[in-house]
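Inspection log for the structure reproduced underneath, given as structure tokens.
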């Protein structure tokens, strides 16, 4: 019985230590996930201004990149909890060469895509930036003009 209790307590200590390691370096109100910290901002900015805002935190910060269904679900829940008003949210995916080749602003792999049905459609030939669509609970993406004013989510390593 004593050994079982010792092993159980040891496992709890390790579990709490790992949880703390995941969140120890993120500022308050930032979401720790996969070695990054994420923060949604209620300000309205165009895509370029939002990306520059994120970069000013520290080198290596960008609009968020999303690489799995699990990441998408966690970010959607976080945004729903912390965004003070309804509206779309910029992410780091864009088409800087205007050739329908989507890249993340942090240059990470585009190994995961979550377009809403019928997207990307490049309506009026002017949609080169991507936002999380509020109407889908922030789970699906839409291409839109980069000049649109939306909330945004930054991704940083602290």
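Note that Cβ sites are derived from N, Cα and C of the backbone, with glycine treated the same way.
Per Swiss-Prot, the features are:
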SIGNAL    1-20  signal peptide
DISULFID  26-37  disulfide bond
DOMAIN    33-155  domain 'C-type lectin'
DISULFID  54-154  disulfide bond
CARBOHYD  121  N-linked glycosylation site
BINDING   127, 142, 143  Ca(2+) binding site
DISULFID  129-146  disulfide bond
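The structure, with features from Swiss-Prot marked on it.
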{"residue": "26", "record": "disulfide bond", "Cβ neighbours (10 Å)": "18"}
{"residue": "37", "record": "disulfide bond", "Cβ neighbours (10 Å)": "21"}
{"residue": "54", "record": "disulfide bond", "Cβ neighbours (10 Å)": "26"}
{"residue": "121", "record": "N-linked glycosylation site", "Cβ neighbours (10 Å)": "11"}
{"residue": "127", "record": "Ca(2+) binding site", "Cβ neighbours (10 Å)": "19"}
{"residue": "129", "record": "disulfide bond", "Cβ neighbours (10 Å)": "27"}
{"residue": "142", "record": "Ca(2+) binding site", "Cβ neighbours (10 Å)": "21"}
{"residue": "143", "record": "Ca(2+) binding site", "Cβ neighbours (10 Å)": "23"}
{"residue": "146", "record": "disulfide bond", "Cβ neighbours (10 Å)": "20"}
{"residue": "154", "record": "disulfide bond", "Cβ neighbours (10 Å)": "24"}
DSSP state at residue 146 (disulfide bond), helix/strand/coil: coil
Nearest of the recorded positions (26, 37, 121, 154) to residue 142 (Ca(2+) binding site), judged by Cα-Cα distance: 121
Candidates 54, 127, 129, 154 (recorded positions) - the one closest to residue 37 (disulfide bond) by CA: 154
Integer Cα-Cα distance in angstrom, residue 143 (Ca(2+) binding site) to residue 54 (disulfide bond): 20
Separation of alpha carbons, residue 26 (disulfide bond) and residue 54 (disulfide bond) (Å): 15
The domain 'C-type lectin' (33-155): DSSP-derived helix, strand, coil residue counts: 29 helix, 36 strand, 58 coil
